[in-house]
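Here's the structure we're looking at; comments come further down.
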Amino acid sequence: MSGGGEGEGTTLEFTPTWVVAAVCTVIVAISLAAERLLHYAGKYLKKKNQKPLYEALQKVKEELMLLGFISLLLTVFQGRIVKLCVPPDIMKHLLPCSLSSESASGGEESNASPEVSGHHRRLLAEEAAAAGYCAAKDKVPLLSLEALHHLHIFIFVLAIVHVTFSVLTIIFGGAKIRQWKYWEDSIAKDDYDTEHALPKVTHVHQHDFIKKRFLGLGRHSAILSWLHSFLKQFYGSVTKSDYATLRLGFIMTHCRGNPKFNFHKYMIRALEDDFKRVVGISWYLWVFVIIFLLLNINGWHTYFWIAFIPFILLLAVGTKLEHVISQLAHEVAEKHIAIEGELVVKPSDNHFWFHRPQIVLFLIHFILFQNAFEIAFFFWILVQYGFDSCIMGQVRYIVPRLIIGVFIQVLCSYSTLPLYALVTQMGTYFKKSIFDEHVQVGLVGWAQKAKKRKGLKATLGGSTQGGSTNGPSIGIQMAAIGRKEEPPQSDTQPANGS
């Protein structure tokens, strides 16, 4: 295109240098500002000794780098993609909108604003070569440049909304969990006041935990017990008696030598460790996006039905976590009539799905992503195509989706996430967050050295029989602490740490 043509067709060859320099300056300045913001945020978190949150920030950087690479691929190969030609009949199946809607929208475009019309003219001009290339073969482009551009924008919107929603969930949920610090301080003070008092024998049914979790609805019926757990997640999901009993059960199982263990501080550290997994977009989540885009067919109302998946999963997770607390109460009440001292529950993986508490975190991750996907898709369609677009759907399908999305975000923040932070500590094993950061580093280094010594010993054929034979065995037990994905499956009970 020559410089004498319309401005919208001018190439860099005939664009004033000050325009190119000004645009580059703005883009580079914005990019550097964002990079510096993330850099200083990381320095602040390291200064405050918030390593889990710092690692979550690094995860966000990785996602941004992945998005940048996706953007680069789409930009570099867009010329080849729009020249992929297919028979016209293939493009008439599995459409998000009917062909009649396309013709109607084409008539409306003639009355569009000059800015919108100019945008479409530019895209049509860029696609002219590709369209002519395919038309010469009696075929059509597999994907237009405009559709590729819209897909490009959607991927960025999805990632940004997911990270934002995850951060908001952790902030609001963490704020509620931090309110439990008053309970922690109150329990610690009561324990100090009764430290030298003689333990007294009390009837099990006199404890508040048993009254609320065993003697009420669902004592004699499994169905009513599950129904009570379902309703409990909407009001007073965790009470002080729940917190005190589960806290004592954890300490007596894993920290018997340290009755003053700060359970609340440990729980916050464990939640921060889990956050770095929630904020990322794993491969199976991208698979879900691809499947959804495939099933987004006209008349199926996929957007509407898919909104119920995170809704149902969230209710199931909340019900299960409440039911774990009820099961702990039932175990104690059915085994004992009277007890001496405090009521102690027994943590166990048997109370969780497939004996794996980690499944709950996986489901919360999926719920948050899918809800973010719904909201991101709605706003993307709203901005890109308008409220009256055929992809948006009818109002009677839009309003329930938005209500469900807001409900999921609120319930997950104020009920499900705090429940998860407390109840998943009732597994058989503790998490590595039970140790302070410097203790974790020391134990991991100890375990690695022990493994090296054991390997060297095996290489020498066991010729060295002396030395520290107990050290390596203990160190190997603690090696699970260094795992990246799973919490340590160690039977070691720390004598202290907070």
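Backbone N, Cα and C define each Cβ position, glycine as well.
Per TrEMBL, these features apply:
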- 489-498: compositional bias 'Polar residues' (COMPBIAS)
- 457-498: region 'Disordered' (REGION)
- 18-38: transmembrane segment (TRANSMEM)
- 64-82: transmembrane segment (TRANSMEM)
- 151-172: transmembrane segment (TRANSMEM)
- 278-297: transmembrane segment (TRANSMEM)
- 303-321: transmembrane segment (TRANSMEM)
- 359-382: transmembrane segment (TRANSMEM)
- 402-423: transmembrane segment (TRANSMEM)
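Of the candidate ranges 18-38, 151-172, 402-423, 151-172 contributes the most Cβ pairs within a distance under 8 Å of the transmembrane segment (359-382). Residues 60, 63-64, 67, 70-71, 74, 271, 275, 278-279, 281, 289, 368-369, 371-373, 375-377, 379-380, 384, 409, 412-414, 417 of the same chain sit 6 or more residues outside the transmembrane segment (151-172) yet have a Cβ under 8 Å from a Cβ within it.
For the transmembrane segment (303-321), the residues of the chain that approach it from at least six positions outside its boundaries are 226, 229-230, 233, 237, 292, 296, 352-353, 360, 363-364, 366-368, 370-371, 374, 377-378, 393, 397, 400-401, 404-405, 407-408, 411-412, 415-416, 419-420, 423-424, judged by C-beta separation under 8 angstroms.
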